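Q: Below are the structure tokens for one structure; questions will follow.
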Amino acid sequence: MTTAVQPVAKQRLADVVFKTVSTTAGVLILIALAGVAIFLVAQAVPAIIGPLPGIDGGFFAWVWPLTFGTIWSAFLAMVMAVPVAVGIALFITHFAPRRLAQGLGYVVDLLAAIPSVIYGLWGITVLAPFMQPAYTWLTQNLGWLPLFAPPASGTGRTILTASIVLAVMVLPIITALCREIFLQTPRLNEEAALALGATRWEMIQMAVLPHGRSGIIASSILGLGRALGETMAVAMVLSSSGIISFALTAQQNPSTIAANIALRFPEAHGITVNMLIGSGLVLFAITLLVNGISRWIIARTTVKGGR
Amino acid sequence: MKLTKLGRTAVVAAAGALLLSSCAANEPAAPAGSESSAPESTLSGDLAGAGASSMGAAQEAWIAGFQTANEAVNITYDPAGSGAGREQFIAGGVSFAGSDAYLDDEELAGTFGACVADTLPVDLPVYISPIAIIFNVEGVDSLNMDAATIAGIFSGEITNWNDEAIAAQNEGVELPDARITAVHRSDDSGTTENFTQYLAANAADAWTEGEFETWPAAYGGEGAQGTSGVVDAVTNGTNTIGYADASRAGDLGTVALQVGEEYVPFTAEAAAAAVDASPLVEGRHEGDIAVELDRTTTENGAYPLVLISYAIACTEYNDAAQAELVKAYLSYIASEEGQQAGADNAGSAPISDDLRAQIEASIEMIK
């Protein structure tokens, strides 16, 4: 406490402490990331280079259908979730009465707090049996489309069901971010559009959406990250096998990397463990790639739309 | 009323002793387990085990029963899976393991963390459980099938419930003209391994992929996670069929297997009979009881679609206290009382007296 006499010295100490703390935090996250990467690579190498018993074509032939399933299910989820999320965010920010908007925003945020295992339970006990008759109808009437190739699943545990569950799970993330972004649209731009005689929808088209474009992309990428990595819900809901198929309502569906690890790790031993960790490395790489691409898109659109 | 009061006291005593209510109903006066062991147990300490999830429910019952009789002992069992259990046992992380497969030669050639160097651990078949083939077809409670028909259904060759192969074995049963949805485990599982082993042994022509843990895509069907997942999928779906631990069959229809000339529905006795009719694996070390399940048995009343789970323990422990605990715990598991607790709680089949005598002889070797 003797240093308290010199206010200048005290402030320096706080500066030093704060700088050290924040630098340590920054370095720690890098160390954690590097640690995960090193662990994945070290454990995956035996599976990538070595011969795999009972698997034709080596590691990459084995992991490719899983990669496909991961991307396909996440893509389907995004197709369903993004328009709805943007719609909800617009409704909350520009259409709903203030009181309703607050309540609705709160409810959507609540969705994010539900654990994924609950979504999984809901998926198998409620959604799958509920959707099953619809799938049968789709295969009977739209069966000529490869997406609805017959026969339909008898239990409804298809990749479409899994994607709907995923869509509901990523919805709150995208909605919450979009809502914040739409609220930040400059008031002047909105009022200028309205003053020029634009309807509310035209105002949103001219002022809100262009302003929020990079934000919508960024929030979608965050949601995509969750959809790609979601494990428990997919493992519980999806009737999976190692195939590649675009069919949405079939008995057999491509598995995802994360769900496959969760399903097989408990009984895995020997080289299978390395294979599973290797597939984890692939997922890690996909996530990095997706994030990289989104950074690039955001950087590009911000420059274009910057005003 | 007096009865109610008595009953209430019994329940309170039981709850206090962490007993299951079923035990309280059998023996309201004294906690279960206190009869077979010494009235005042001298055992104390912690005992950790890990392994097969198949015997997870039975382990819970055994732990509850054993700890009631030996209050100073604390046992944990982590149902992490057979492979994980064996790995932890080999590394010395746990003192005993549960496993759906016995230790193979490669594992026996290595070292075991908890055991004295150059001594071999033993496999003891303490958990026998029939696997039921369950189905959900309206108006049908049970069906007769031979292995070839079951193999046809699960490999995607037989796709309709009114197929000739099924109808021929079930005269008088009204089968719907509906597509079969065959549900299998999407996670790697000892249940799948035992199921496919049975099919490969009995219907090699129809079941060409042999024995496996991971379902091949070529066979089609729907996957579901875990025993509960399969039971859920079969229950919630229509015209579905699957396989699951018999204790979970519930109200679903079940298949009677063709054994010899007759059809045998699953029962605990039939499962134990199938194990008794099977020889031991030859060339195993002293004390080890690895059963070579005879899937093709024609023994009267045997149900060969069973799962055996082993308790794996050292014959000589580095730590004498652990040896004493393992010995006492395994003795309890193998005892009539322990087996009954497993049957009540997990629906397993109590082992026969012959097998019990062999297991007890092996447990005697533990030091």
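The first residue you see is number 1, and the count goes up from there.
Placement of Cβ uses the backbone N, Cα and C atoms for every residue, glycine included.
What TrEMBL shows for this protein is this:
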type: DOMAIN; residues: A:67-294; note: domain 'ABC transmembrane type-1'
type: TRANSMEM; residues: A:27-49; note: transmembrane segment
type: TRANSMEM; residues: A:69-92; note: transmembrane segment
type: TRANSMEM; residues: A:104-128; note: transmembrane segment
type: TRANSMEM; residues: A:159-178; note: transmembrane segment
type: TRANSMEM; residues: A:227-248; note: transmembrane segment
type: TRANSMEM; residues: A:268-290; note: transmembrane segment
Q: Go through A:27-49, A:104-128, A:159-178, A:227-248, A:268-290 and flag the stretch with the largest number of C-beta pairs under 8 Å relative to the transmembrane segment (A:69-92).
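A: Out of the listed stretches, A:159-178 contacts the transmembrane segment (A:69-92) most.
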Q: Using Cβ atoms only, state whether the transmembrane segment (A:27-49) and the transmembrane segment (A:268-290) have three or more pairs under 8 Å that are 6 or more apart in sequence.
A: yes
Q: Who are the long-range neighbours of the transmembrane segment (A:227-248) in its own chain, taking Cβ under 8 Å and residues 6 or more past its ends?
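A: Counting only partners 6 or more residues beyond its ends, the transmembrane segment (A:227-248) has Cβ contacts under 8 Å with 62, 64-66, 68-74, 76-78, 81, 116-117, 119-121, 123-124, 127-128, 146-149, 153, 155, 157-162, 165-167, 169-170, 254-256, 258-263, 283, 286-287, 290.
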Q: Grab the same-chain neighbours of the transmembrane segment (A:268-290) for me: Cβ-Cβ under 8 Å, and only residues 6 or more beyond its ends, written as numbers and ranges.
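A: That would be 36-37, 39-41, 43-48, 50, 52-53, 59, 62-63, 66-67, 70-71, 221, 224-225, 228-229, 257-258, 260-261.
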